[in-house]
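Chemist: Dumping the structure here so I can ask a few things about it.
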Amino acid sequence: MSNYSVSLVGPAPWGFRLQGGKDFNMPLTISSLKDGGKASQAHVRIGDVVLSIDGISAQGMTHLEAQNKIKACTGSLNMTLQRASAAAKSEPVSVQKGEPKEVVKPVPITSPAVSKVTSTTNMAYNKAPRPFGSVSSPKVTSIPSPSSAFTPAHAATSSHASPTPVAAATPLHLSASGLHVSANLSADQCSSPPNTGKPAVNVPRQPTVTSVCSESAQELAEGQRRGSQGDIKQQNGPPRKHIVERNTEFYHIPTHSDASKKRLIEDTEDWRPRTGTTQSRSFRILAQITGTEHLTESENDNTKKANSTQEPSQQPASSGASPLSASEGPESPGSSRPSVAGLRSAAAFKPVGSTSVKSPSWQRPNQAAPSTGRISNNARSSGTGASVGPPQPSDQDTLVQRAEHIPAGKRTPMCAHCNQVIRGPFLVALGKSWHPEEFNCAHCKNTMAYIGFVEEKGALYCELCYEKFFAPECGRCQRKILGEVINALKQTWHVSCFVCVACGKPIRNNVFHLEDGEPYCETDYYALFGTICRGCEFPIEAGDMFLEALGYTWHDTCFVCSVCCESLEGQTFFSKKDKPLCKKHAHSVNF
């Protein structure tokens, strides 16, 4: 941003006009300049945004506050501004670098030359599962999806014919616990973009004999070879119908209808994004063949336990977290290894500036905090214990309150937050009882057990959040007001800041008068500038009828005879020792 500072030598006028402010929901900007004025000579331009006035940020100022702040600068005016050209530029939109969703459309089959890749003999790769069947349609299309449940035929071939066996197909490993998939595919990432750089190639499969291949896996591979052979080559094989399950023996009933259309409808169900760890049909068949279908229940339980102890913030990758790779997700069916996705998901989705683990901050300092595993979205962390609260505000009429700690055993109240019975020590605030761990700020979620809080609009906020978002600013000291607020002259004031100029006492809610823009209490104003009635010794206020006689000023109703109290307004009167008398008592009364 192109920020610059200007210093205009006083006195006013400064040669510019302002527009905007917090009350107009727009930043303070320069609306017009006077030709040859001080602002114009300092190279200030129309449209420049005012960032600070005399060292005080103008971001939260209203239009009137900014005007008063500029008026208060008599000697010199220092401002920090931002050029209009830099302020008008929109910030670049951050594009999420996630994996785009796959567009399902038919792809014609081509057969280019395939480069051979040598592989070591100790690789435990097996063919990916695919349905049984035969060719039935003259025109077939393929739906390439390397990470889907139905792996393409060219990606599941043996190591002698696959150019990229690791990236194109999901390898299967045979271990002591059975057949499982090595890559943990996330449920939301089952659809990955097709590899358009390498067209699908259907190569007739050759039987692969390894030391770890079981008889069931060989039968599955044999069925896959039968399904991949036909008059016309296709990638995902012919359409399939129902699968009858009888003691792990499967009978496939092929159909000879519109295979291309029905294949597109049925097969897309397997690689559509799912929630949780739902298995596709091919994986369920494979799990029953290898005898690992019962391992899924224990895996789901472990995954749920791992996920229940963590609450990652569901924010996009543009907030600072790197996009998840294919290995970060729920464990694939048939695997006996514990999934690491539940342990890594919180770190992968953690936004910038968030803390890792937040311990219960309602505990006293130097006390061991139990491990909870809750993820805090707040930038402030209480560490191992609650930090010592700020000192009590100096305002006597402060709005900040503190909760009262009640030990356990006296009574069992109901918590105002969760409406549950409290067993153990609790807090009392605003006439209600709270669990210590649930008495938190409504904004930052920090505990308020040992710090002050303020009630605002039915919610409870800590001192810091209330000062930041709700507390008004004093018109004299420019500080936040946490106590009693005085509203006068279209501004807010501390009680100790809105005082009489003459006596220095707080005016509070009493009557005051302005003289040359300065407030005076009623007593000092009339003593310095007002007129006192000679008769009642009360001030003659604006609008009162008065008259002047005997060198003094009187209310029209106070200028009466000192003996009979008859009004002497407009009548002949006499005076003895500066006391007015009527004709009747002028010669009969001696003072």
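Just so it is clear, glycine is given a Cβ too, placed from its N, Cα and C backbone atoms.
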Chemist: Look up Ser228, Ser308 in Swiss-Prot and give me whichever carries the note phosphoserine.
Modeler: Ser228
Chemist: Consult Swiss-Prot and report the residue, out of Lys71, Lys89, Lys127, Lys432, annotated as N6-succinyllysine.
Modeler: Lys89
Chemist: Can you tell which of Lys105, Lys350 Swiss-Prot marks as N6-acetyllysine?
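Modeler: Out of Lys105, Lys350, Swiss-Prot attaches the N6-acetyllysine annotation to Lys350.
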